[in-house]
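Visitor: According to Swiss-Prot, the protein has these features:
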type     : residues                       : note
ACT_SITE : 326                            : active site, proton acceptor
BINDING  : 32, 105, 133, 180, 357, 398    : phosphoenolpyruvate binding site
BINDING  : 32, 33, 37, 178, 180, 326, 353 : 3-phosphoshikimate binding site
């Protein structure tokens, strides 16, 4: 196994040697979705909120800094521990300048709903990638609630959210499954008169609903509909954040494809709205064992053991797509290593993530000798032998980490360009991957 080389901070490439196996017990960083929501609700609560397991990645730190800019006293993060002195729903102060949210689409969409109910104006901006992300899907239903939000002509950030608006509860049937849109409307609903209800066309992650309840705020669930009544109170609490299944996904796929691999991923969140990765890999023939199950802060957790398996291609059921939407870059690598054809449809959302993940992954797989045919809302991948080569992640952290795992079965080294954004979701990825058996280093 090659050591990690010390290089300058502006290095943008990973170089991964071929072969190897993943072995041992691993714990990936805390869940990104839950970390965002813990900061938001902790800031809006009355009293103190203590968080452990907080993900100290660039995206979640952007959310944390935004609330400091809004006058919230936050201690940490230090070793995943954060202490928030909540200011209550009406206690935020107007920021002195626009809030910079980096590459975090979660931050801008969730905070758009929150700031729609404030008495002051807020401008949300981000980096070049975030400035291309679509925001009308959240701004349009917020406008129906009475919000006044300006975007670019293309419906992208920066967002100028005008304060002093009176919000009214609505019932909104989402045209596309999106946990971010749902959560944004629920946050706006905290400030709305009456009842705010969101109806989902398919299940999405329910961390916001679970955490609102954990902070003492009543949440009603009726099948595909979730509702809250405005004007309540959040109470500070203790939040323990499990390991992120989206980060664990790379090691799950790596262990499934890497000959001789056998890993145990510890204390992973297995919220049933997030376990599509497990269901899909099992359908492909992966040997996955769930053990040491428990519940932490209202979220189910478990250890996940994955061993090298013989995978076969499948038609991925569309009802599993929302349950694995962030894990498809890793799953595309599994498909490339499987016998036969894997077909994905109904996943158009992948084209408007941090990158066009369908195209970026297809281009990379083709560069590595795999037949990968993009479609409007999915991809068709023919399993085969991965060659070495150079691929480009286009600044997408999940694509970069997925291609790194491909090296376990590649015939030659893989060079992955534009990897700086891996720090948005998985600080310490190289160190953990290297320790598990991946021959990965920084390069030029």
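Here the Cβ of each residue, glycine as well, is placed from N, Cα and C on the backbone.
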Visitor: Which one is it, among the recorded positions 178, 326, 353, that lies nearest to residue 32 (phosphoenolpyruvate binding site) by Cα separation?
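Guide: Going through 178, 326, 353 one by one, the Cα closest to that of residue 32 (phosphoenolpyruvate binding site) is 326.
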Visitor: Quick one: Cα separation, residue 37 (3-phosphoshikimate binding site) versus residue 357 (phosphoenolpyruvate binding site), in Å?
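Guide: The Cα atom of residue 37 (3-phosphoshikimate binding site) is 25 Å away from the Cα atom of residue 357 (phosphoenolpyruvate binding site).
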Visitor: Of all the recorded positions given, namely 33, 326, 353, which is spatially nearest to residue 398 (phosphoenolpyruvate binding site) at the Cα level?
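Guide: Going through 33, 326, 353 one by one, the closest to residue 398 (phosphoenolpyruvate binding site) is 326.
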Visitor: Quick one: of 32, 353, 398, which of the binding-site residues has the smallest count of other CB atoms within 10 A?
Guide: 353
Visitor: Within 10 angstroms of the C-beta of residue 180 (phosphoenolpyruvate binding site), what count of other C-beta atoms is obtained when all protein chains are considered?
Guide: 22
Visitor: Tell me which of the recorded positions 33, 178, 326 ends up closest to residue 357 (phosphoenolpyruvate binding site) in space, Cα to Cα.
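Guide: Answer for the nearest of the recorded positions: 326.
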Visitor: For residue 178 (3-phosphoshikimate binding site), write down the residues of its own chain that are at least 6 apart in sequence and whose Cβ falls under 8 Å from its Cβ; none is a fine answer.
Guide: 137, 204, 349
Visitor: If you pair up every Cα among 32, 33, 37, 178, 180, 326, 353, the residues annotated as binding 3-phosphoshikimate, what's the maximum separation in angstrom, rounded to an integer?
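Guide: That value is 19 Å for the farthest Cα pair.
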Visitor: Considering only the recorded positions 33, 326, 353, which fall within 10 Å of residue 133 (phosphoenolpyruvate binding site) when distances are taken between Cα atoms?
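Guide: So the list is 353.
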Visitor: Within 10 Å of residue 353 (3-phosphoshikimate binding site) (Cα to Cα), which of the recorded positions 105, 180, 326 do you find?
Guide: 105, 326
Visitor: Round to the nearest Å and give the CA-to-CA distance linking residue 33 (3-phosphoshikimate binding site) with residue 180 (phosphoenolpyruvate binding site).
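Guide: Taking the Cα atoms only, residue 33 (3-phosphoshikimate binding site) lies 10 Å from residue 180 (phosphoenolpyruvate binding site).
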Visitor: Helix, strand or coil at residue 326 (active site, proton acceptor), per DSSP?
Guide: coil
